[in-house]
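Everything on this sheet refers to the single structure shown next.
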Amino acid sequence: MGIFSIANQHIRFAVKLATAIVLALFVGFHFQLETPRWAVLTAAIVAAGTAFAAGGEPYSGAIRYRGFLRIIGTFIGCIAGLVIIIAMIRAPLLMILVCCIWAGFCTWISSLVRIENSYAWGLAGYTALIIVITIQPEPLLTPQFAVERCSEIVIGIVCAIMADLLFSPRSIKQEVDRELESLLVAQYQLMQLCIKHGDGEVVDKAWGDLVRRTTALQGMRSNLNMESSRWARANRRLKAINTLSLTLITQSCETYLIQNTRPELITDTFREFFDTPVETAQDVHKQLKRLRRVIAWTGERETPVTIYSWVAAATRYQLLKRGVISNTKINATEEEILQGEPEVKVESAERHHAMVNFWRTTLSCILGTLFWLWTGWTSGSGAMVMIAVVTSLAMRLPNPRMVAIDFIYGTLAALPLGLLYFLVIIPNTQQSMLLLCISLAVLGFFLGIEVQKRRLGSMGALASTINIIVLDNPMTFHFSQFLDSALGQIVGCVLAFTVILLVRDKSRDRTGRVLLNQFVSAAVSAMTTNVARRKENHLPALYQQLFLLMNKFPGDLPKFRLALTMIIAHQRLRDAPIPVNEDLSAFHRQMRRTADHVISARSDDKRRRYFGQLLEELEIYQEKLRIWQAPPQVTEPVNRLAGMLHKYQHALTDS
């Protein structure tokens, strides 16, 4: 496909984006808004931003959800801006500096919350800054400006949603159904690989792919939940399927690890059974029926616990899968599965990374303020706004530097494009609303196609072009003002990029170490006799951390294997029949406290000391288990855990 070619699948969204822009423009001028540009810009960003993130036409509900987040972020930002202005109106410089800190604070929060919700916090940060900067000449008009900005943004969002509904958005339901079938086949094939006990790298690749696919399925569930309330039953089932899929991965990998020391546990009966190849979900269904008969014939005691647990989880997965596809009423058997254990939320491992993002945003905004005050440039305020926008939105993404480059390319492309609209097109179409709408629709259509291709600079060009062309009421054409705005955008993006380069993010290794220690803490916390604690479902949170580790350290197999081993240890110890008595319960609490100290330690020396203490406590704990005559189901996994921690103690403690 050529660089300027138009694929059929891109046309519908391009028309949708053009419609959203035209609707926002028409409504803005019809209701005599002072700056219809904000409504048009909001409609374009909400629609195009979702498509850029999806790499194509977004699924149904995605634009609506992003618009909802934008409304929340705008209202939080407006309220914060009003509070800052009321409190510090007599000290303008201090007021702007506090706004810079507020933008950094919002970026810090957005780095810690779920990535889907981070958009609202990033927006709240720079909205307050926009209000404070814009009202500098006339501070008494602050409430009016805040209300107008909120109104224009809500109009833009409503227009984007209307355009999305008008062109029948894609439903993700069929994709979910297909992925459920395919994922079950992949789970069976992983178990086959693990029972064969072949090449470790092949097994690593297989389970790594399944972790990514299960995480992607969880993302699809979020999209389906946003799409319509009629998928509420499917959403409940998919939430349980996520845990079941992770359980299948864990049991398969434990089957592989067990054979490293005790290959005789997997009998020839099961080896021969899993030799049969499967291609479709129907093949898996037949094999599972046969496997349940084999287990009933051999007996539960003669069946390896990992295979028995795997079959139970696969059977539940199959039952819920049928319910998701048909979206029928939840029956009693399904309800029993869905009334599972409560999921545990873990503390973010990216706190240091979040603090780096805070300083990047705060320092870049302060640098913009100093540049504005030093030069006295009329568009210094525009440069400040772009600095806040770039740093607030870029920091949460995996590669902030590339986001800043995208904005630089976009603002550079917006200069000639905006010049064409400012000097030629808009002056010749302002007498006709129809011609003005057509001219902006053409802009939205072609940039909408490029946005779906994730063309570098396309998203920045769309937003920057709309921002600098005259879409005010009434329209005024001052070339110096246009040029100042265009150059202000470019300078702001360059300054933001400079700060991102200068303030290095060296938090990757620290985040990796914290993640690994959180896996250790989870495995230690599984050693408990507390019934409520044993019922807690840590699996989704643990695999979410594993997925983050895989993204932070692509290709680092030793780290992935260590993390997976800790997850397996957690699951095995969680189900182990630990003797119930006060002596062991008190020691469990002591080990949990020590594991927490390992995570929270700020220096390598403290971390090594607490980790050494944890290893000593594990030795004492094993002795206590022997005294209390704990069965092998308890002593063996504890011994394996202690051995793993001894082996990898340097990786878990040293910076």
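Using the three backbone atoms N, Cα and C, a Cβ is placed for every residue, glycine included.
Per Swiss-Prot, the features are as follows:
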type: TOPO_DOM; residues: 1-12; note: topological domain 'Periplasmic'
type: TRANSMEM; residues: 13-33; note: transmembrane segment
type: TOPO_DOM; residues: 34-37; note: topological domain 'Cytoplasmic'
type: TRANSMEM; residues: 38-58; note: transmembrane segment
type: TOPO_DOM; residues: 59-68; note: topological domain 'Periplasmic'
type: TRANSMEM; residues: 69-89; note: transmembrane segment
type: TRANSMEM; residues: 93-113; note: transmembrane segment
type: TOPO_DOM; residues: 114-120; note: topological domain 'Periplasmic'
type: TRANSMEM; residues: 121-141; note: transmembrane segment
type: TOPO_DOM; residues: 142-151; note: topological domain 'Cytoplasmic'
type: TRANSMEM; residues: 152-172; note: transmembrane segment
type: TOPO_DOM; residues: 173-369; note: topological domain 'Periplasmic'
type: TRANSMEM; residues: 370-390; note: transmembrane segment
type: TOPO_DOM; residues: 391-406; note: topological domain 'Cytoplasmic'
type: TRANSMEM; residues: 407-427; note: transmembrane segment
type: TRANSMEM; residues: 431-451; note: transmembrane segment
type: TOPO_DOM; residues: 452-458; note: topological domain 'Cytoplasmic'
type: TRANSMEM; residues: 459-479; note: transmembrane segment
type: TRANSMEM; residues: 482-502; note: transmembrane segment
type: TOPO_DOM; residues: 503-655; note: topological domain 'Cytoplasmic'
Original post:
Between 69-89, 93-113, 152-172, who has the most Cβ pairs under 8 Å to the transmembrane segment (121-141)?
Top reply: 69-89
Original post:
If we call contact 3 or more Cβ pairs under 8 Å (sequence gap 6 or more), are the transmembrane segment (38-58) and the transmembrane segment (431-451) touching?
Top reply: yes
**OP:** Tell me, please, if the transmembrane segment (431-451) and the transmembrane segment (370-390) are in contact, taking contact as 3+ Cβ pairs under 8 Å between residues separated by 6 or more positions?
**Re:** no
Original post:
For the transmembrane segment (152-172), which partner among 13-33, 370-390, 459-479 gives the most CB pairs under 8 Å?
Top reply: 13-33
Subject >> Folded-back contacts onto the topological domain 'Cytoplasmic' (391-406), same chain, C-beta under 8 angstroms, at least six residues removed >> reply: 103, 106-107, 110-111, 115, 118-119, 122-123, 125-126, 357, 360-361, 364-365, 456-457, 459-460, 493, 496-497, 499-501, 505, 551
Subject >> Contact set, same chain, for the topological domain 'Periplasmic' (114-120): CB under 8 Å, 6 or more residues outside the stretch >> reply: 65-66, 69-70, 72-73, 76, 222, 393, 396
Subject >> Long-range neighbours of the topological domain 'Cytoplasmic' (142-151), counting only residues six or more past its ends (CB under 8 A) >> reply: 33-35, 38, 74-75, 78, 81-82, 85, 127, 130-131, 134-135
Subject >> Which of 13-33, 69-89, 370-390, 407-427 contacts the transmembrane segment (482-502) most, counting Cβ pairs under 8 Å >> reply: 370-390
Original post:
Against which stretches of its own chain does the topological domain 'Cytoplasmic' (452-458) lie, if we need a Cβ under 8 Å and a gap of at least six residues from its ends?
Top reply: 10, 13-14, 51-52, 55-57, 405-406, 408-410, 412-413
Subject >> Non-local residues, at least 6 beyond the ends, that sit with Cβ under 8 Å of the topological domain 'Periplasmic' (59-68) >> reply: 46-47, 49-50, 116, 119, 157-158, 160-161, 164, 169-172, 223-228
Original post:
By Cβ distance under 8 Å, which residues at least 6 away from the ends of the topological domain 'Cytoplasmic' (34-37) in the same chain are close to it?
Top reply: 24-25, 27-28, 148, 152, 466-467, 469, 471-473
**OP:** Just give the helix, strand and coil counts over the topological domain 'Cytoplasmic' (391-406), going by DSSP.
**Re:** 11 helix, 0 strand, 5 coil
